[in-house]
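Below is one structure; the comments refer to it alone.
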Amino acid sequence: MFEAIGIFTMTYIIISGKKSKFLKVGRPAGVMLGAVLMVIAKVIEPQQAYELVNWDTIVLLLGMMIIIEHLAEAEFFNLIARWVNAKNFSLKKLLFLEVMGLGILAGFLVNDIVCIFFTPLLLIMIRERNLPPMPFLLALATSTNIGGVIAFTGNPQNMIIGNISGIPYYQYFLYMLPIGIVGLLINYFLILKIYRGELSGEILEANVTEKLELKPRLKRSIFVACGVIVGFFLLPNLAWVAIGGATLLLFLSNRDESSTLAKLDWNLLLFFAALFVVIGALQESGVTDLVLGKIDGIFTHSMGNYWLFGLVTVLGSNLFANVPYVLIMTESIGKLADPDMFWYILAFASTIAGNLTIIGAVANVIVVEKAKGVCDIHFMDFIKFGLPSTALNFVFGMAVLGIYSSIGLI
């Protein structure tokens, strides 16, 4: 048990801290070291390490990466940005389209990936159209986090919950869509209030005359992506739906896909596979049972416990990072006779927790890092908006989930 605690602590320090001149390894190397040490220290056997990896989550993430990379290479994201940039929208309307459009898109195409592709495009629009950078950049990061609530494909931790919980994709979507839509509206009006001075200025008129057209590869990619999303609603295994769509795109391209596959974030897949091993080994050692056993009363069904668990999840997701926290909680929730309400709270609270601080979600870090030089977003800049956004979304979302529970939907 003590070996597991020591290895986990070391791993956590490496993957959560900034690189220093003494330790320059990245997160994948840090968590891989932890996984290997768990086997060397005999916390788990080698065969157990393979069994601890949730391959459905890895395959789902891989499939989505391939589909999204095809959309990117076919200029899907560029086309959206060019269409918006060609319109003479007011600042408020442009902000509304960003919050609602990218928020909903993130629910289906993974929030981190939406931020990776849209941040550079948004920065171009900020320069060309004289947009106030702070509200638009914060809107991108926080709205994609909130939008990740609406579906299991919204972020990696929701993918894990979707694969482990057994809750149908369509059911989760139907229950969480109202929470996500109202949450995005809350985000929009909060940005308008806090940054009303910056959003009252003028926007430069569009000077774009190019004709936008859908090329065959883009049409094919959109068709397959839409088919995969429909498949999520109709078929039980999300991983095989995603990898099936990805395989179809690879085949229909009728070319060597080595360059496309090389662009995938293999570091992320490696990170998650090794993280499954580290957290799984910690659970096998009995550490999590010992710790969670002290608070097992929180997993009894009552409205007070639901709110308490939601609050603990928001704080725990910021302390341990949302994916490790979710992995730790899955074992205890999975043992419950009637776990669904706790699955919903875990997915919801761990997602909106990302808006509390810059380091609360990878999407935030992506936007902040890419925006350097155009707009430097500091810790207090983010928390000034992130704290009220998280608080309002938390209260509304938990209230709706409480209503669902009261009327027997969950």
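Any Cβ shown, glycine's included, is placed from N, Cα and C.
The domain 'Citrate transporter-like' annotation in TrEMBL covers 18-337. Per TrEMBL, transmembrane segment is recorded for 100-124, 136-152, 172-191, 222-252, 264-282, 303-321, 341-367, 387-407.
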Counting only residues at least 6 beyond its ends, the same-chain positions whose CB falls under 8 A of a CB in the transmembrane segment (387-407) are 142, 146, 149, 175, 178-179, 182-183, 186-187, 190, 194, 301, 303, 306-307, 310-311, 314, 341, 344-345, 348-349, 352-353, 355-356
Contact call for the transmembrane segment (341-367) against the transmembrane segment (136-152), three or more Cβ pairs under 8 Å
yes
Intrachain neighbours beyond the transmembrane segment (100-124), with Cβ under 8 angstroms and 6 or more residues off its ends
61, 64-65, 68, 71-72, 77-78, 80-81, 85, 133, 136-137, 140-141, 143-151, 153-156, 180-181, 184-185, 187-188, 225, 229, 361-363, 366-367, 370-371, 374
Please report, as numbers and ranges, the same-chain residues at least 6 past the borders of the transmembrane segment (303-321) whose CB is under 8 Å from any CB of it.
12, 15-16, 295, 297, 328-329, 341-342, 345-346, 348-350, 352-354, 356-357, 359-360, 390, 394, 398, 401-402, 405
Can you work out the mean pLDDT of the predicted model over the domain 'Citrate transporter-like' (18-337)?
90
